[in-house]
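Here is what TrEMBL records for this protein:
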type	residues	note
SIGNAL	1-22	signal peptide
BINDING	65, 69	Cu cation binding site
DISULFID	65-69	disulfide bond
DOMAIN	207-303	domain 'Cytochrome c'
């Protein structure tokens, strides 16, 4: 009898409470509808214009950031390229400044252009208190934010507002992984990007990744290639032949200091690169001595000409 009463009680609770259980807790009662301003000067509201009824990916940035923001922004640009027409149409990307006093719409617009931001990616500013509230409600605030802007989380909050499903990812994740994860989570596994119907037999053999190759793929490939042309930064093919080892070591360890010195000294190469790449600066990756040596070794090996085949004469490099 007790078991029967418990069963009936559970059934009643599920029936009467179905609306409460199934209700979406992260809706208009949770997200503040604070006003924000886009890089084009348009005023929008956080909930009614940006979140309601949408699938979104949101992160925090500021344009004077010298650490995570340049990598995060460059990486998210690659993610959106991989998502194709889903980005901006079905999955909406928003980057909100944690430094609204400096980051005016005009500053954000120039920043977006530096990183080749696709149409539909909104860069947002607003009143400091409104942004702080939005940041906390979006789960993108931590105690380190109060210490310095550079300490904000390098996180991407991904959510489907109608279903109330949210997850947090790193903005630094591999762009192919992120594109696949976002499309599966927000659009359904049937439309997951980058998932092949082929079997394991057709999978390519994995190459052994040495430390330098791994570092390049994780920290450099977002902006640079080796022999595939310029990206957000210059093609690094032959960089170890064009610059001496000590110069490269200093630049990789502390790029912000090297750039400042070269601009002050009016180094013609630095000034030309600065202009060509819209003043996008390489962030300080915090690499140790062993990491720097491994990266230079990889750049040297990857930039070397292919070995001559048996009986063939090696090609001569152009003077």
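Note that Cβ sites are derived from N, Cα and C of the backbone, with glycine treated the same way.
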All-chain count of other Cβ atoms within 10 Å of residue 65 (Cu cation binding site): 22
Assigned conformation of residue 65 (Cu cation binding site) - DSSP reduced to three states: coil
